[in-house]
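Student: Following this message is one structure expressed as structure tokens.
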Amino acid sequence: MTQVTVKQLADEVKTPVERLLQQMREAGLPHTAAEEHVSDSEKQSLLTHLKSSHKAKVEEPRKITLQRKTTSTLRVAGSKSISVEVRKKKVFVQRSPEEIEAERQRELEERRAVENAARQKAEEEAKRRAEEEARRQPAPVAEPVAAQAAAPAPAPVVEPVQEAPVATAAPAADARKKDEQRRPDKTRNDDNRRGGDGERKNAPHRASVKEKAPAPRVAPRTTDEESDGFRRGGRGKAKLKKRNAHGFQSPTGPVVRDVQIGETITVGELAQQMSVKAAEVIKFMFKLGTPATINQVLDQETAQLVAEELGHKVTLVSDTALEDSLAESLKFEGEAVARAPVVTVMGHVDHGKTSLLDYIRRAKVAAGEAGGITQHIGAYHVETERGMVTFLDTPGHAAFTAMRARGAKATDIVILVVAADDGVMPQTVEAVQHAQAAGVPLVVAVNKIDKPGADLDRIRSELSVHGVTSEDWGGDTPFVPVSAKMGTGVDDLLEAVLLQAEVLELKATPSAPGRGVVVESRLDKGRGPVATVLVQDGTLRQGDMVLVGSNYGRVRAMLDENGKPIKEAGPSIPVEILGLDGTPDAGDEMSVVADEKKAREVALFRQGKFREVKLARAHAGKLENIFESMGQEEKKTLNIVLKSDVRGSLEALQGALNGLGNDEVQVRVVGGGVGGITESDANLALASNAVLFGFNVRADAGARKIVEQEGLDMRYYNVIYDIIEDVKKALTGMLGSDVRENILGVAEVRDVFRSPKFGAIAGCMVIEGVVHRNRPIRVLREDIVIFEGELESLRRFKDDASEVRAGMECGIGVKSYNDVKVGDKIEVFEKVQVARSL
């Protein structure tokens, strides 16, 4: 045993001697001087005191881990047995006797306090109940009740507190204490309910206590605890589960929801956001005077009124928020450079637009168009001696108004082609209006200048009426005489176009992501949806993720106007792209996006918005026309299933066909699409009693088989005039015919004779036309019809005559009419059926 002095110990622990002596005195050691010796046991006592003063544990509790292993055999069918081994692990922590004793004393005090409070509460309750019984019952009966109530309640039997084993876990004791605090009157209820023989007593007392403090609607506590104890092998000493974890608590007040309302919302969606049934919303709207259905689309103001009246908080959401966030993410950064102009060729039909463009391209394009008429937009990029120019060729027919308007929006300069021998026509004026509305400069090309009768001044004069003034007359529009056939003036036309482009200072950023507009789209049988896109800014590359209107996809391949594959396309370059999930509408904007998820979200959002707008428009149309259609005969409808080669032609045809008809007949395009006529199209035509029209497309084998079997009417066209004329003829046939009366002749009665066979015979002079025998007549007296019948007898000089002309006399016998007088007029007429027209 080594001993050190107090001074040496102070140097060792680096503490002043005076402080160490003070701590030793506090620990109960007899040391008072620095030279006194300190033994190992005294050091241990000092250390124990210091640890206890710093609230540190004297000794780490020792842990005892017990593992139990139980093996059993489970017999199954087939004389087989399965050996099941159950392993259980339990950890015991040794605690100090002082802590155990303190814990036991604390629990005992808490239990006594709870029992005293419960006893006092029970006595008060019994006394109160006895007083109520005394008030309700007569006086003789009140005495025994009062005596019984005055009897002291039996004292609760306090179970002897068993001494907790040394290996009891501290968390289990804490959980048991909290559980007893949660259930303060369990012991009292058990003692009051059971007597010495275990019989239940004081049932009215329990009922009154239960009525005073109703329990919340939760699952019984014993269920969780007992099942948990069963799973743990019957030992319920582990931490008990939390009570009331999933209990249903009814709301104390009305629940206010945050309802987000866009520009449109259906009744069902509004009810779902407010967490009410759709029937309640419909009932409330009915009270407001607005009948509705569960799928009816409400506008923002109506939905806001309904939600606020029902007590909810409304947040108005812009439907374009998703698209706005996408637009903000598209950044066009980089150096802007000059780009080639996009030139649209417009004009009246057959004025030579495609021939002029054909001469510039030095390729025969007009021969490929049916009838020499442009059916859809063609986009071509041309390298000239003066630079690159991109041309858009638009149709000149009246049905393609929307396509010309789109061409004007996507262009920089418009070449207005006017035939010198034909002058300004309706589509010429329309092209001028489109260009002026889009703010695009015009260059007038007076074509067919080589023909005799060409008058350039007449063209200038007619266009000046519509706000297009020639430079020669002091205006700002160049007029260039050209001949697409001979090539005269084409160089001057290109010079004027490029001069206008220099004035516009057209710029683009090739390093930015591609952005453009859809010129045309179609469905190719072997390649799927194909879209012709004019890149307006940035660069479009193969493999880019693009968003086009309500469609999206990755560019799998790009082709130029000659059908050759290319890897990228810069500004003002028209290309065909493959890889979209559908055929976009002509005029849709195309943009390159980096995130496929974002593109899909915006595309689906636009599709849903289109459906909602379409549904709302259809419902509004029903409500508006419901009273107009009452009392009217149902319109005759010509149903048509229309398939076209490209999207632009389909839209133009649908617009032209829907414009036909009148109050009695109408055209309804029940189905339309891009691509060939398929079996499903034939089935649709069969179900809707429709006519199949194919514009520049053909039917497949399955569709032809159905058409032959069912006798459907299917027609192919390649010129839009033929479709419109045939539909007009069909509608005219559906109109039926009108009955028209033609007055053949008029005879004036000069005298009246009597005949035993015919009665009164009128001696007449034919003053107008020809009087025919066996024709219907009218008898007019002072120009008022008094009889309508049939001419029975017509004679001249006692001879029967088939007809009598003007200026001759004759005798007329009217069938079943004898009241003919001198001065009457007999009008002979015939009824003719005349075909009606639109």
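Glycine too: its Cβ is placed from the backbone N, Cα and C atoms.
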Student: Tell me which of 447-450, 467-470, 607-610, 823-826 corresponds to the region 'G4' entry in Swiss-Prot.
Tutor: 447-450
Student: Region 'G3' per Swiss-Prot: which of the ranges 289-292, 393-396, 513-516, 781-784 is that?
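Tutor: That would be 393-396, per the region 'G3' entry in Swiss-Prot.
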Student: Taking DSSP states H, G and I as helix and E and B as strand, how many residues of the compositional bias 'Basic and acidic residues' (96-136) are helix, strand and coil?
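Tutor: Going through the compositional bias 'Basic and acidic residues' (96-136) residue by residue, I get 40 helix, 0 strand, 1 coil.
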Student: Going by DSSP, is Lys353 (GTP binding site) part of a helix, a strand, or coil?
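Tutor: DSSP assigns Lys353 (GTP binding site) to helix.
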Student: Please report, as numbers and ranges, the same-chain residues at least 6 past the borders of the compositional bias 'Basic and acidic residues' (33-43) whose CB is under 8 Å from any CB of it.
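Tutor: Beyond its ends, the compositional bias 'Basic and acidic residues' (33-43) has Cβ neighbours at 1-7, 9-10, 17, 21, 24.
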Student: Using a 10 Å radius around its CB, how many other CB atoms surround Ile449 (GTP binding site)?
Tutor: 22
Student: For Asp350 (GTP binding site), just count the other CB atoms lying within 10 A of its CB, please.
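Tutor: There are 16 of them.
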Student: What counts of helix, strand and coil residues does DSSP assign across the region 'G4' (447-450)?
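Tutor: Summed over the region 'G4' (447-450), the classes give 0 helix, 1 strand, 3 coil.
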Student: On average, what pLDDT score does this prediction assign to the domain 'tr-type G' (338-507)?
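Tutor: The answer is 75, the mean pLDDT of the model over that range.
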